[in-house]
């Protein structure tokens, strides 16, 4: 069907949350974005985070989850990973705005005298900075194309002190961009009380009342519950919250996060928003997403991939890695299950054998610090000796190099990250990172971040996986392979340095040849950031394919 595209300004959709955190605002926003994209609209997304950190780059993974890195090198909230995966498009640093970043910019302007001696206040200066960040998302890209829709998610919960400047700012955006160009969606919890056997609407009513008290009237309410919310209850919420009945949608827990677009579409949320904003549209094209759901719900087999890490008590610390593994499964039309393995369990040969006995492949993900390192190395040794498919990421590559060096006779091989005075530092601090590591410069935002090119060796396994010898991946690291040991490691262990930076100075990929090990690959980069559920990353696809062969060989 031809797209009914008329000239119109960019529309802005703001997604807020009420009653409780962790309701799935990000997934709701991403799912709506996916639906609008599937209708032929150009959609971009943004996360407004009310914490005072400038970015999540220095935050504890146990507290915040993973740090998602964009192509342009921004360390951002993990929700940007959901946005990129659901929209299948790259976002930029502008997609994540924090209170810390806003205040830093405003204070810098004050120091430069840009406010001409005026008293700097939350209103208008902080709110103006937030508005500028939001409205900038509607500007044309380098190809001259402005987005049709900008979806901005406001972190936290309505009523939080930290969120107040952001809520005031988006209220003002409605005034400046025009009411016809703005839609507010409120995601709220409808709890089920088991003793009475009832869903309760009162928390949602109070949450919307709080939102209305600061001048924001939601156009739509997404009701989160562990079961379907009946129509009578939706009608009651529409009446009490002064929202159109068509704008109150039920979003019960779904079997998979990839089902959420279908759930919202079945409730006509995308239809309602299109009518509300007078957007050009076409019917939803379910071809790509439908094929994904077929793989999700009707797999032709399954494999188990172990993630050997030290932050496994909070799986969100490895969210993109887990999603990339699952996407590799979708690409092979199998279910890829993730087994969380504490690296400490693999420090001994017996411990590694026990922890990894029922997995078909292993991922050694990134991380920082020396805790759990010997366990990661133990898992690597087990995978190497038992021909278990393995993919190493960032720190995972460094651990593989250390393990190979020890195999080659460099028994004291280590990294300067773990031992500043290591006698055999096969992994060393990057020259430009030494000031940050020594404490002479800031830690935040100073790593080697973002997309960098790499050149792969002709005939290597990684070149076969990518189908190319020139590739680009996103990075987040301070340490690198010490080139002084490369030749000795290869001669003593057989490990091949199969990809480097274009000038050959920085190791980007290592592997064992296929005649030595069926799939033993590592990269200094973070390939998980570029994986999509509808388009798996070559390295993760290779891991799952190798895991299937390993599984078949065992049975």
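Our numbering is plain: 1 for the first residue shown, then up by one each step along the chain.
Glycine is treated like the rest: Cβ placed from N, Cα and C.
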In Swiss-Prot, ATP binding by 22, 23, 24, 25, 26, 27 extends, among 79, 88, 128, to 79
Among 361, 367, 450, Swiss-Prot assigns to the L-glutamine site of 395, 396, 397, 398, 417, 478 just 367
Note: Swiss-Prot has 160, 161, 162, 200, 201, 202, 203, 204, 205, 236 binding CTP, and from 9, 21, 31 that site also includes 21
Excluding 22, 23, 24, 25, 26, 27, 79 themselves, the ATP site's Cβ centre has within 8 Å the residues 17, 28, 29, 153, 187
Quick note, residue 161 (CTP binding site) and residue 21 (UTP binding site): C-alpha atoms separated, nearest Å, by 14
Cβ-Cβ distance under 8 Å, sequence separation of 6 or more, same chain as residue 204 (UTP binding site); the residues meeting this, in order, are 18, 19, 188, 189, 190, 221, 223, 237, 241
In the three-state DSSP scheme, residue 24 (ATP binding site) belongs to coil
In all the protein chains shown, the tally of other Cβ atoms within 10 Å of the Cβ of residue 21 (UTP binding site) is 12
Taking every pair from 21, 200, 201, 202, 203, 204, 205, 236 (the record's UTP binders), the biggest C-alpha distance in Å rounds to 24
CB contacts under 8 angstroms to residue 203 (UTP binding site), restricted to the same chain and 6+ apart in sequence, sorted by sequence, are 18, 19, 188, 189, 190, 191
Listed in sequence order, the residues of the same chain lying six or more positions from residue 25 (ATP binding site) whose CB sits under 8 Å from its CB are 15, 16, 17, 153, 155, 187
